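Peer 1: After the structure tokens below, expect a handful of questions from me.
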Amino acid sequence: MELKAFVEIMRPHNCILAGLVGILGAMVAIGQFPPVDKAILVFLVVFLGCSGGNTINDYFDYEIDKINRPTRPLPRGAMARKTALIYSIFLFAVGLILAYKINIQALLVAGVAYSLMVLYAWKLKPLPFIGNLVVAFLTGITPIYGAIAVEKIGFAGYLALSAFLVNVSREIMKDIEDVEGDKAEGARTLPIIWGEKKAAYLASFFAFATILSSFLPVRVGIGIGYVPILLVDALVLKAAYDILKDPRPHVAGKSQKKLKIAILLAVLSFLAGSMTSEVRL
Ligand SMILES: CC(C)=CCC/C(C)=C/CC/C(C)=C/CC/C(C)=C/COC[C@H](O)COP(=O)(O)O
Ligand SMILES: CC(C)=CCC/C(C)=C/CC/C(C)=C/CC/C(C)=C/COP(=O)(O)OP(=O)(O)O
Ligand SMILES: [Mg+2]
């Protein structure tokens with residue numbers, strides 16, 4: 001048993017970003033930084049939920065990860081599967097206790113999100129496209145979660161729409177990237193059922209929809225700090241163009257990583273845009 005596996009299995013890089021997106025959702029909803037105590041609670045509920053989700057995901061993905069991701073903590077033997085199950089329950093439980101301290105709606109939404117993550121890992125992931133939509137939905141409600149904490153939706157809806165669309169695209173690209181391991185495990189993902197070319201078309205459709213959605217906040221007066229979103233759109237466009245031109249797994253891997261960078265830059269653009277709303281675009 002490796003102690004560092006307890007951090008590694010959380011995939012903290014994703015969950016720190018998710019937690020910050022939760023706070024960002026509150027910020028764009030009320031047009032200013034939320035009360036610090038509320039910001040900390042939102043961050044922790046999202047971070048713990050995302051961490052619990054990644055942990056239970058690795059618990060159920062043990063067999064497929066032995067092929068696709070053999071260096072992850074469970075397939076490499078750094079943590080026992082049963083320990084991962086108990087650890088995920090602990091993370092979810094702490095998250096729910098903190099969600100209750102925000103407000104009752106926040107507790108209910110966290111309960112739904114946490115349940116969806118378990119359901120995804122246990123049953124929904126093998127369902128073609130449904131699994132992709134569930135993951136994208138969870139990333140989409142993350143900014144909405146922050147808005148629920150401050151009891152105002154505001155611009156958070158635009159952030160949620162873009163988060164949903166870009167993650168649908170990225171999840172399909174990740175399925176194209178993992179097609180060999182998924183085939184060996186008998187998974188029924190879109191690229192396996194439709195073929196890589198058609199799946200690439202759908203991934204590109206959602207990438208183009210993401211670009212269109214990124215202009216909506218301009219219409220409602222987001223600040224001049226949002227301008228770097230043009231770099232985000234260029235990155236998303238390149239990822240879509242590359243996978244349309246060549247839908248093979250290694251190209252899909254590069255495109256999905258481009259979308260990950262685009263997501264990070266988009267979060268910073270939304271943040272800068274919400275903090276410069278006095279000077280509208
Ligand atoms: C215009 C544009 C691109 C807007 C982006 C909007 C936005 C705020 C997106 C953030 C969404 C979010 C909550 C991201 C959290 C981190 C994340 C990528 C979660 C999804 O993870 C599932 C994925 O399958 C994990 O794979 P990997 O990253 O390879 O470990
Ligand atoms: C709104 C609240 C309270 C929480 C949201 C928490 C967030 C941001 C969830 C985003 C989606 C996410 C990271 C879920 C965790 C589990 C998951 C879907 C991991 C992806 O697993 P796979 O689809 O198996 O892909 P890999 O394991 O190959 O990365
Ligand atoms: Mg997995």
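Here the Cβ of each residue, glycine as well, is placed from N, Cα and C on the backbone.
Residues or ranges marked as transmembrane segment by TrEMBL: 12-33, 39-60, 80-98, 104-122, 129-149, 222-241, 261-279.
Map the listed features onto the structure and describe their local environment.
Peer 2: Residues of the same chain lying 6 or more positions beyond the ends of the transmembrane segment (80-98) and with a Cβ under 8 Å from any Cβ of it are 1, 6, 9-10, 41, 44-45, 48-49, 51-53, 55-56, 58-59, 62, 73-74, 107, 110-111, 114, 118.
Using a Cβ-Cβ cut-off under 8 Å and counting only residues 6 or more beyond its ends in the same chain, the transmembrane segment (104-122) has close neighbours at 42, 45, 49, 52-53, 56-57, 59-61, 92, 95-96, 131, 134-135, 137-138, 141, 144-145, 148-149, 151.
Sequence-remote contacts of a segment are chain residues at least 6 beyond its ends whose Cβ falls under 8 Å from one of its Cβ atoms, and for the transmembrane segment (129-149) they are 18, 21-29, 34, 38, 41-42, 45-46, 53, 102-103, 105-106, 109-110, 113, 116-117, 119-120, 156-157, 159-161, 163-165, 167-168, 171-172, 175, 189-190.
Non-local neighbours of the transmembrane segment (261-279) in the same chain are 17, 20-21, 24, 27-28, 31, 155, 159, 162-163, 166-167, 170, 214, 217, 221-229, 231-232, 235-236, 239; each lies 6+ residues outside the stretch with a CB under 8 Å from one of its CB atoms.
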Peer 1: Can you tell me which parts of the same chain pack against the transmembrane segment (222-241), counting only residues 6+ beyond its ends and a CB-CB cutoff under 8 A?
Peer 2: 155, 166, 169, 173, 203-204, 207-208, 210-211, 214, 254-256, 258-259, 261-262, 265-266, 268-281
